[in-house]
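Visitor: From TrEMBL, for reference:
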ACT_SITE  A:Ser12  active site
ACT_SITE  A:His39  active site
ACT_SITE  A:Asp132  active site
DOMAIN    A:1-185  domain 'CheB-type methylesterase'
Amino acid sequence: MKKYRAVVAGCSAGGMQAVATLLAQLGTSFRLPLIIVQHLHREQGEYLFRFYSSSTHLKVQEASEREKILPGNVYVAPPDYHLLIEHDETFSLSVEEKVNFCRPSIDVLFESAADVYGPALAGVVLTGANSDGALGLKRIKDCGGLTLVQRPETAQFPEMPRSALLCVHADQVLTIEEIGRFLMTLKPEAAY
Amino acid sequence: MTSGELEAIEIDLLLEAVFRRYGYDFRSYARASVVRRLRLLLEQSGIASVGELIPKLLHEPAFFQELLFAFSITVSGMFRDPEFFRSLRENVVPLLKTYPFIRVWVAGCACGEEAYSLAILLKEEGLAAHSTIYATDINDQALAVAKEGIYPLRQVREYTENYQKSGPHDSFSRYYHASHDHIVMNRELKKSITFANHNLVSDHVFAEMHLILCRNVMIYFDRELKDRVLRLLDSSLIRGGFLCLGTKESLRFSCGDGRHDEIDSKNRIYRKRVLEAGEGRTR
């Protein structure tokens, strides 16, 4: 059976509720790191973590540079920085130009995660009103990773999942609750 | 061997080639960002693989300049993190005012947005006549943009919003004039900044500074290089001088605890102690 080392997820408009719903499906037995890029206004920061922490027992935190990525933790990209993953499985940040008018950009995270984790990565695209994440998800697929997309008609803003589906033949197209339950079935690598 | 592993070898060789040919050392840069930049450069130049870039880089200095531009992260924006600039006004400026003259260094200034922001702030705080701003970068192409002080008009709304949140005394539109699709910073501001080439990775201490801004520069360095550059910045700072880092930069002064005070931990403003720990104890 295929084993996994990390899950990356991206969302934009409607993302707060979507992530909270996803987190609510993840029990403490979830043993993968979940790394999220969400397009946010920088003011939303602190409220967001309180809100997410109230939906899950997993530890939810802002990803910080050079931090070691650990299983069972939920990381959210800081506003106004791209979030990337290094080969030693630590985070790095960048203030490079916006991608798809976004910083952080889902594509940037997904592409660097695909480089590091290859087939041991699962990528999730949720609700949003733009097309960020589509190319990144394609890269995950090309590197042998697992691709999941929220079923567009169940998304608050269907454009982002729709764009992803135009770009990638996704492995799973599910509701958020189903995605959460599916992630729970992923088998972590033995090192975790 | 996977294509990723192959690309990793090509990148190692390319960085080695650049270092030995031009003396610019990107080998200690955080890799994920280097990979991204190189892939963008490939896309732009229509070249198929990183390996093919190597002979071109070795034989065409002009192409190396393009790589250098691609590698310097040239986006920062004016008054990025307005709260930081507000804190600078409230917590640092009053102390800077106690000196007859101050020297300020914007290290890694890229296209100059941060340097102009600082020039505006110092002017509003009445420090313009008593200060010099040095703004340095490794990239001559970026420095040329900075000297011109020309920025796209579409950025102005964001700059103005940031400026307004930074505790200003005036209106941002006073500092530029718009023409066509860009803005040009005022001549007076330009004159207050000295732009120069300086390489944090290989060059030495710059001068005795009262204030150093090096924000979102070391996030691209690996740990060892970051420590080295931190020591360089620290040596360039007078005792009692201020060092400002990016708001998401983790600072553990590995070069000696007890030598710096946190002035504003959220906005990453540090002050080098006048007396080091242990000094002045024996009388």
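Backbone N, Cα and C atoms are what each Cβ position is placed from, and that goes for glycine too.
Buried or exposed, and what's around them? Tell me for each listed feature.
Guide: A sphere of 10 angstroms centred on the C-beta of A:Ser12 (active site) encloses 25 other C-beta atoms. Look at A:Ser12 (active site): DSSP puts it in coil.
Taking Cβ-Cβ distances under 8 Å and a sequence gap of 6 or more within the same chain, the neighbours of A:His39 (active site) are A:Cys11, A:Ser12, A:Ala13, A:Gly15, A:Cys102, A:Pro104, A:Gly128, A:Asp132.
Around the Cβ of A:Asp132 (active site), the number of neighbouring Cβ atoms within 10 Å comes to 29.
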Visitor: Could you tell me the mean pLDDT the prediction assigns to the domain 'CheB-type methylesterase' (A:1-185)?
Guide: 94
